[in-house]
Ligand SMILES: Nc1nc2c(ncn2[C@@H]2O[C@H](COP(=O)(O)OP(=O)(O)OP(=O)(O)O)[C@@H](O)[C@H]2O)c(=O)[nH]1
Ligand SMILES: [Zn+2]
């Protein structure tokens with residue numbers, strides 16, 4: 001176990017004890033360590049950066065029409081309660097000489113989602129990253145997600161869905177471009 005995992009595991013043990021659990025009971029003996037490793041996995045985006053995630057996988061292309069990838073699943077943790085929010089991310093861009101390796105869009109989503117986030121900032125970070133690495137003339141990102149902090153606790157609303165969007169460049173300037181994106185992702 002690394003020092004970091006050790007520190008996090010010790011903290012989980014303290015939390016469990018404060019909640020009234022007997023951390024010596026058999027079923028819980030390994031739980032602090034497992035929880036620490038799970039939390040490190042769920043926040044591994046802190047240890048990643050855009051350059052290494054994209055790994056130079058942009059390719060020259062004459063394509064100058066919209067590229068859309070929809071329904072990229074997303075698991076993040078809200079920065080207020082550290083509870084999951086879960087949903088889908090839709091990304092579109094209009095290339096300007098270079099296209100991005102398809103899997104890299106999903107990797108960019110994961111890198112920012114696996115940090116403590118609010119949905120609005122996550123949406124913007126993904127859009128700006130796609131703009132940076134592709135040099136696209138425009139980028140649109142929509143996220144639809146359900147927040148466990150609203151479902152399992154607090155207001156306890158089970159059916160509300162938060163939708164956020166960030167439009168950059170031509171997606172912001174042109175209503176037609178924005179509508180094309182929104183129409184494409186509304187078809188399943
Ligand atoms: N805008 C936004 N708010 C979020 C997100 N995730 C959680 N929240 C909200 O953050 C707010 C924190 O409000 P507080 O009043 O400080 O905390 P709280 O007492 O736990 O709030 P309740 O959830 O209303 O019980 C709540 O309204 C949450 O619903 C997010 O991604 N975006
Ligand atoms: Zn929350």
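Quick reminder: no glycine exception, Cβ is built from N, Cα and C everywhere.
TrEMBL entries are annotated by machine, without manual review.
Matching 89, 149 to the Zn(2+) binding residues that TrEMBL gives (78, 81) identifies 149. Cβ-based neighbour count (10 Å, all protein chains) for residue 81 (Zn(2+) binding site) stands at 16.
Using the Cβ center of 78, 81, 149 for Zn(2+), the list of other same-chain residues with Cβ within 8 Å runs, in sequence order, 77, 79, 80, 82, 83, 85, 147, 148, 150, 154. Secondary structure at residue 149 (Zn(2+) binding site), as computed by DSSP, is helix. When the binding-site residues 78, 149 are scored by other C-beta atoms within 10 Å, 78 scores highest.
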